[in-house]
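Novice: Encoded as structure tokens, here's the structure I'll be asking about.
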Amino acid sequence: MNPLAAIELDLAYLGPDPLGEDRWVELLSSWLAQLQAELPSPLKADAYSLGLQFCDDAAIAELNGQWRQQPKPTDVLSFAAQEDAPEPLEGLPIELGDIVISIPTAERQAPEHGHSLQQELLFLASHGLLHLLGWDHPDEASLAAMLSRQDALVQGAAAH
């Protein structure tokens, strides 16, 4: 197994977090370490900083309307910091951005996808993380590749 990447995690709760901060730090660190070989050089690092926020449908609908002109609830939004970010200073973590997850939407989707709320949150967080790292899904092929990578991350998390 790859060593863990150091991570500074800024958690914000506007809703309950079924996993807890320690588990999120462990998961995100593990995922970032697993993804190192696939990252472009500017994103390869030993340490990262990112935000993870859990909110309700009203809060995510407001963000979705403001940033994507779709004023309705969604499951996860990602706000990448690296698109226009300056070169990171040596010795400091690379700021990736923020992931925002709607707990009520995740609660509705979990049974539809045939798994627990915890598994749905892992899936959504991994999706958000991949977006922060530059992955996107403008077409079916790239969506399939991204979902496959998410599945691998989530399955790896289940083994721990």
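One is the number of the first residue shown, and numbering goes on along the chain from there.
In case you wondered, yes, glycine gets a Cβ from its N, Cα and C as well.
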Novice: H127, H131 bind Zn(2+) according to Swiss-Prot; which of H115, H137 goes with them?
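Specialist: Between H115, H137, Swiss-Prot records just one in the Zn(2+) site with H127, H131, namely H137.
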Novice: I need the least crowded one of these binding-site residues (H127, H131, H137), counting other C-beta atoms within 10 angstroms of each C-beta.
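Specialist: Counting other Cβ atoms within 10 Å of each of the binding-site residues H127, H131, H137 gives the minimum at H137.
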Novice: Using the Cβ centroid of H127, H131, H137 as the reference point for the Zn(2+) site, which residues of the same chain not in that list have Cβ within 8 Å?
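Specialist: After dropping the recorded site residues, what remains is S78, G128, L130, W135, D136, M146, Q150.
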